[in-house]
Amino acid sequence: MGVFEYVWAGVLAVFLGPEAFSLFGIGVPITLVMVVFGFLLGIVIGATPGLGGPFVMAVSLPILISFFGFTPDALLPVMGFLVGVMKGATVGGAVPAILFNTPGTPDALMTTLDGYPMTKRGNAGKALRTAHFASVSGDTFSDLVLFTTAPFLAIIVESYLGFAEKAALIVLSLSFVAAVVGASPMKGLMAAFFGILLASVGTGEDLYPRMTMGTEFLANGFPLITAVLGVLIMGEVITSFEETWRDRRAARVQNQIPQSDDNSLSWSERKALLPYISVSAAVGTLIGALPGIGSTLAATLGYATGQKMHKGPVKFGDGTPEGVAATEAANSSVSGANLIPVLSLGIPGNVSAVFLILAAESIGGFNPGPSVFRFTTSEVNPELVIAFGLFTTMMCANILNWTIGGQFMRWVGVMSKVPKQVLMPMVFLLTITAVYVQETSFDAIFFLLGFGLLGFFMRKLRVPILPFVIAFILASNLETALRQAFAVSGGDPFFLFRSPISIVFLVLSVVVIVFFMCGKKDEAALSSEVS
Amino acid sequence: MKLGTLKAALVGATLMVSTTTSALAEWQPSGPIKLMIAFRAGGGVDTSARLLAEELTARHGWEIIPENVAGRGGAAMAAKLKDEPADGLTIGMTTTDSLAYGILAAKNPGFALEDFENLTTITGSQTGLISKTDRGWRTLSDVIEAAKGGQTIAAGAMSAKLADALYYIGLKNGVDFKIVMVQGGKGGLNGVVADDLDIAWAAGPQTKGVQAGDLINLVSAEAEPLAVSPDAPMLTEYGIDLTFGTKFGVFSPAGIPSEAEEAITAAIVDIVNDPSSKLNEFISKAFAGPQAIAGADFDTFMETAQASAFELLAAVE
């Protein structure tokens, strides 16, 4: 099969896949239904302050897997749903930022700077339209970069990197994530090492389980999804319980601000926004392709770049559409590019990518990494078809976003008023249910609560969560690559330092850590996107 | 009197037949059946297990939950399966090696053959040592020659037994392979295709690549020639009197109710032997085709496998 046959097979895998129901005799594919459902839900959740894409992804993943089963047919519907949520939440995050000055997602923080002043002037509708237009443009651009870059990067990785280089590359990615997420690279490193430590329990190549302290309880290690949901979601829930308890007297009063009648966004206004959007989209895509940095920094950089370019009468920060556009285009263009390291290297860079990897690993039949993009001609490479199927679902979500996203976004403003004390207990119960559905064992609930407490204390100590999670997921790949590299070298103790490429990777890992330790960082801009 | 005895015997026989058949027909799982898979997603055991699950659901309405419990060459799954309740709601698919050989190779793995009920085998491996065709090697002799000429040969193995086998082949032929443990049945294949490994064991997934001419089977590790490469030399030509093939088998914790054992085994054997089943199609294409060895035959097979594992261990030591 040639390249175009693979692309076409991917498109067909989405549209000719299993049917959900049929409408006037035409089958509606389940994957498409899941994308639509995920996208709309994503907008609603994104518009709800205190919730975000990761919540929905985490809670729905185990439930979706048990619903769709473990056949390769389940991959596209489940991943399509996750993609929909990812994109929906990005757009939705701008809604409360603009309407009520409360960002729905951390990366929408910069959106409040110009979005809320516009609302106060009666231009909420225009601000929302601007945010949507910028967001969807940036997102689409980023996806196109992903589609064209990931296969080539994967092929290069596959042909130039041996075992030692792959191990060194994982070390580099982990150091990068540890260095850039959170306030202190040292705390990031601690989190990453701790993740590797916990992932080592009960695994390994020996015929008996290691680090179990002789217990049967730990013999199979910590289940992956349970551990990730524990630190990411349970930790967050416990933290917000504490916050709610502390802030219980602080009542928020929200006034209705009268809005102007003409809130449309004309074509000439859109055209005027394009330079800001394209610069921000490029910035966001570049940032997104690096693991761990996330959309918050992209938004900040996009906003700063836009500010430098801006020469209009209304200044940035006083409520100018350009400010909203620069921020939204930057933070939205992160999501597609974030999948570049996932698909080409198997290395997740942010939380959404973590859930896509978890989905692939739990369902089976798709192992994100360089081997996905093997364009075999003699036989069909099913993973490549899935990869193009995934791209198709992203394009479907983009089309939805262009067509109905804007309208839907303006309807969900009401979600911003849902109080946290109602939401959090629901998330708490849903997470426990989701884990039980997946593991069907009570041990898993204990693990979940244990990891939840761990996540809570990490947040209290300001130790970033993301390096922990990514290290936990990558630990087994790292160990395998290290063992293989060591074996191939014939037991050479300096096996990691025998090739120039791996030396470069390792030196870069040290440089990254040292660089970020020296530079002072803006904590708000660089804090982990989950906490 | 005689007639009476006959009658009684007849009634008894009828009763017995009807109870056994009804046990077969009536045993229904009281909930979803967990099917543990001892290897990573994407390999031969994994794919067979998932196809088996699909067919069991389609034919019997049983809800089957496949779960990869990969790691430690199948020992992780075995250790977990042993402790599951023996109620027919948990079964495991693994290679017969991982039990027969793994138990001996690890001094104290925490489980023994007696901890499991042998339900049935599914198929046999088509294990060969593979390399890329463009390396120019045609048989294992070429590789041995290259190694003797000073070339380092990185060789992939997915189980402790196959790693020992590589060591043993090297020992008998005066060469030293750099043995690399790979993950799952496809790990070696991926390593060879990506040029990270020179040669690797593959238990069947290499078939398509060999047919396409991209890969070559340098030697057969089975007792018979490989179906896809009938001309590949046998291990006996290299002074090895052991074979390293394995079978995919389904096991349950010891002591499951016999009606559950019979019902599950019968259901699996049916699917394995039915040419229209997806499982049958898959194992015929990539592996040794349907080989359902069940019941007492399977018990004998496992004993023989363990005896030959003893031999290899003794030879390597």
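Going from the start of the chain as shown, residues are counted 1 onward.
The backbone N, Cα and C atoms fix where each Cβ goes, glycine too.
Curation does not apply to TrEMBL; its annotations are automatic.
Over in TrEMBL, the protein carries these features:
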- A:32-470: domain 'DUF112' (DOMAIN)
- A:20-44: transmembrane segment (TRANSMEM)
- A:51-70: transmembrane segment (TRANSMEM)
- A:144-163: transmembrane segment (TRANSMEM)
- A:170-197: transmembrane segment (TRANSMEM)
- A:217-239: transmembrane segment (TRANSMEM)
- A:273-293: transmembrane segment (TRANSMEM)
- A:384-406: transmembrane segment (TRANSMEM)
- A:442-458: transmembrane segment (TRANSMEM)
- A:465-482: transmembrane segment (TRANSMEM)
- A:494-518: transmembrane segment (TRANSMEM)
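Most Cβ pairs within less than 8 Å of the transmembrane segment (A:384-406), among stretches A:20-44, A:442-458, A:465-482, belong to A:20-44. Mean pLDDT of the predicted structure over the domain 'DUF112' (A:32-470): 86. Counted as Cβ pairs under 8 Å, contacts with the transmembrane segment (A:465-482) are highest for A:170-197 among A:170-197, A:217-239, A:273-293, A:494-518. When Cβ-Cβ distances below 8 Å are used as the criterion, the transmembrane segment (A:273-293) is approached by residues 130, 133-134, 137-138, 141-142, 145, 149, 173, 176-178, 180-181, 299, 301-302, 305-306, 309-310, 321-322, 325-338, 340-341, 347-350, 466-467, 470 of the same chain, each at least six residues removed from its ends. Remote same-chain residues near the transmembrane segment (A:51-70) are listed as 38, 41-42, 45, 77-78, 81-82, 85-86, 88-90, 93, 104-106, 225, 228-229, 232-233, 236, 351-352, 355, 358-359, 362-364, 423, 427, 430-431, 433-435, 437-438, 530 (criterion: CB distance under 8 Å, separation of at least six residues from the stretch ends). Taking every recorded stretch in A:20-44, A:170-197, A:217-239, A:494-518 and counting its Cβ pairs under 8 Å to the transmembrane segment (A:442-458), the highest total belongs to A:217-239.
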